[in-house]
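J.: This is the feature table in Swiss-Prot:
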- Ala62, Gly63, Leu64, Asp65, Lys66, Thr86, Asn139, Asn172, Lys217, Thr245, Gly268, Gly297, Tyr318, Ser319: FMN binding site (BINDING)
- Lys66, Asn111, Arg112, Met113, Gly114, Phe115, Asn172, Asn177, Asn246, Thr247: substrate binding site (BINDING)
- Ser175: active site, nucleophile (ACT_SITE)
Amino acid sequence: MYYPFVRKALFQLDPERAHEFTFQQLRRITGTPFEALVRQKVPAKPVNCMGLTFKNPLGLAAGLDKDGECIDALGAMGFGSIEIGTVTPRPQPGNDKPRLFRLVDAEGLINRMGFNNFGVDNLVENVKKAHYDGVLGINIGKNKDTPVEQGKDDYLICMEKIYAYAGYIAINISSPNTPGLRTLQYGEALDDLLTAIKNKQNDLQAMHHKYVPIAVKIAPDLSEDELIQVADSLVRHNIDGVIATNTTLDRSLVQGMKNCDQTGGLSGRPLQLKSTEIIRRLSLELNGRLPIIGVGGIDSVIAAREKIAAGASLVQIYSGFIFKGPPLIKEIVTHI
């Protein structure tokens, strides 16, 4: 496969520049016959989850295609689902550059992007143009300059605008790169947010005559008590699924490596065990009451199987896709 050569060239570039260059090329071929260049035939392995039928259990995690610019090209690679975003009500530039770093030896990434995106209206226009026939998830967050106390309003604005176009909606309250965001994972703040989101979901269901499931994305850095509390809240509010996990602030497995001290969330292989353990504990706590989408450090068939054995119904990749390329999709879907 050609990807090792492509990766070698891309890894000569700054990580964000490499991402921009790749997306530039994908945008050029999206919706054209040249999409065949990235198309892969993968076996159909349908999974029913959250009331939806996924073509296969492997999805693309949020963060790669923040604005939904390359849905069709990414879909051609064989993903059973694609989660675009995180998107916010208003466009925002994100944090200052550099803000994305490779830990090549560990096959990890550290990012402090800060929800850079062109806003929810732009994303909706991109989604309208796409022809992807898999499940499209849309991951939503709050603008950096929205006070945390008013954060729920941003989620409700996004829900209203994307509801008609989303297969499912992911609520991102676990990015470490938006000040105060993770506080929405706890106690009254979480209950308040989930109550508002569930009420909005019911209103939108009545308006659009369709039910769009809601999944909440959680952090891997939760304590045992926090995890129990989160699980309890998700069940009480009849949330449809949970995505475990986002990136970690823990650097214990990458000490001494180049870029290890950069501020931000760590993803990729160093996150693998930590996220799997959260899934295992969450699965015990939930006891089948809602499905888990497992994400964090999946870079092989074995790693994907571990997530499913721990209790995940579906899995997602991001950093592993950067390091291994499209062949990883086919490999996982074929052998999972």
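The backbone N, Cα and C atoms fix where each Cβ goes, and this holds for glycine too.
Tell me what's around each of these sites.
T.: Its own atom aside, the Cβ of Tyr318 (FMN binding site) has 22 Cβ atoms within 10 angstroms in the protein chains shown.
According to DSSP, Asn246 (substrate binding site) sits in a coil region rather than a helix or strand. Shown in sequence order, Asn172, Ser174, Ser175, Pro176, Lys217, Ile218, Ala219, Pro220, Gly265 are the residues of the chain, 6+ apart in sequence, with a C-beta less than 8 angstroms from the C-beta of Asn246 (substrate binding site).
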J.: To the nearest whole angstrom, state the Cα distance for the pair Ala62 (FMN binding site) and Gly114 (substrate binding site).
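T.: On Cα coordinates alone, these residues lie 13 Å apart.
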J.: Cα distance, Gly268 (FMN binding site) to Gly114 (substrate binding site), nearest Å?
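T.: Gly268 (FMN binding site) has its Cα 18 Å from the Cα of Gly114 (substrate binding site).
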